[in-house]
Amino acid sequence: MSQANAATKASSDVFFNASLEDIDPEIFGAIRNELGRQRHEIELIASENIVSRAVLEAQGSILTNKYAEGYPGKRYYGGCQYVDVVEELAIERAKKLFSAEFANVQPNSGSQMNQAVFLALLQPGDTFMGLDLNSGGHLTHGSPVNMSGKWFNVVSYGVRKDDHLLDMDEVARLARENKPKLILAGGTAYSRIWDWKRFREIADEVGAYLMVDMAHIAGLVAGGQHPSPVPHAHVCTTTTHKSLRGPRGGMILTNDADIAKKINSAVFPGLQGGPLMHVIAGKAVAFAEALKLEFKLYAKNVVDNARALAEELKSHGLDIVSGGTDNHLMLVDLRPKNATGKRAEAALGRANITCNKNGIPFDPEKPFVTSGVRLGTPAGTTRGFGVAEFKEIGSLIAEVLDGLKVANSDEGNAAVEQAVKEKVIALTGRFPMYGYQG
């Protein structure tokens, strides 16, 4: 073997066999530190969850090497016979999980799945209705700073001021007045049951499509803990992470063959090129997990835990927007503790409790300050926390917020936060992740 060939072989051996730690210790270190953070902190961000080792393996597989523009059996590249199997499994499992006739599993994100529906069913300048961001909607539901708010005429609906519940009579009135081409239901910070049947009746009355973004509650729908929108909506979108407990990505479901064709064309070639086959593999694995009986128990536990957490927080003098929760999340009004979302998020973070500041309906504070925090139970429930643990977590949150109220500063109460942090580390130590003890 020549010297040049030997050098090439040595380089190839390193390329295919050296570890991440050997090749890039900086990235390895950041990942290791993130794993430590996840192990030792309580994750209460409602849109986050923890995937199984099987999902991690699928997403970290050699499928990341394969380009596969198009759809199974109709690719623009050769060598797709095995990724076709992967995508077909993901599609069939998604259809079974949600009792849908058609599924597109290629959207790379929640934003892109919603963009694909707009591209399929609307023209720039068309009118659509969506839940106002300040009432628990999403940026892609018509926020002025988002493409959805820039390209279309958006009519936003919201919640009532007295009870923070959706006012369906107001939704109907706005629909009759504005004649939208599409009505979008679903949100990111609404803790009550959605009346899909009523939304469809309103949509039919004005000749609009009904689109449901069930990204936050898809796992609860799959687990039988929230009514399914699929029988009522013309088209449903959902992310595949959050309560569904899969990899980060999107999916579109429909029972209408004509809409399905438009959706497929909108996703590819309209919006995306090659799909992320390693992510689609992770989606397929997560769907298989969600089809198991254990997932129904998981979904029930998510809701039970959320209700327990909400009641515990209320017992410590905190207000829960709308008075409680029917799903996996809650908005906590911090004004009884004279705290802002910004201060509370930082103080809880120092105590190893992760959440996000969030505006509440009719919030007097600025979006980067807010009067509330959003809390969710999917990740903690995945970890094994039950009602007892979430009651303890509620007490720990109140402890930090009471300390923050006394301190009345951005720095918080270091002694209280350190004491709570030690309790959090002890709690998380009883529920190890990925086989790790300690």
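For all residues, glycine too, the Cβ spot is worked out from N, Cα and C.
Values in this document were obtained by computation on a predicted structure and should not be read as measured data.
Around the Cβ of Gly137 ((6S)-5,6,7,8-tetrahydrofolate binding site), the number of neighbouring Cβ atoms within 10 Å comes to 24. What Swiss-Prot lists as (6S)-5,6,7,8-tetrahydrofolate binding site is Leu133, Gly137, His138, Leu139, and the listing cites sequence analysis.
As annotated by Swiss-Prot, site 'Plays an important role in substrate specificity' applies to His241. In the three-state DSSP assignment, the secondary structure recorded for His241 (site 'Plays an important role in substrate specificity') is coil. Around the Cβ of His241 (site 'Plays an important role in substrate specificity'), the same chain contributes Ser47, Glu48, Asn49, Val51, Pro247, Arg248, Gly249, each under 8 angstroms and 6 or more positions distant in sequence.
Swiss-Prot lists Lys242 with the feature N6-(pyridoxal phosphate)lysine, giving sequence analysis as the kind of evidence. The Cβ of Lys242 (N6-(pyridoxal phosphate)lysine) has 28 other Cβ atoms within 10 Å, all protein chains considered.
Just so you know, the Cβ of Leu133 ((6S)-5,6,7,8-tetrahydrofolate binding site) picks up 23 other Cβ atoms within 10 Å once every protein chain is counted. Following the DSSP three-state reduction, the secondary structure of Gly137 ((6S)-5,6,7,8-tetrahydrofolate binding site) is coil. Cα distances from Lys242 (N6-(pyridoxal phosphate)lysine) to the binding-site residues Leu133, His138, Leu139 are smallest for His138. Same-chain residues that are not part of Leu133, Gly137, His138, Leu139 yet have a Cβ within 8 Å of the Cβ center of the (6S)-5,6,7,8-tetrahydrofolate site turn out to be Gly130, Leu131, Asp132, Thr140, His141, Gly142, Ser143, Asn146, Gly187, Thr188.
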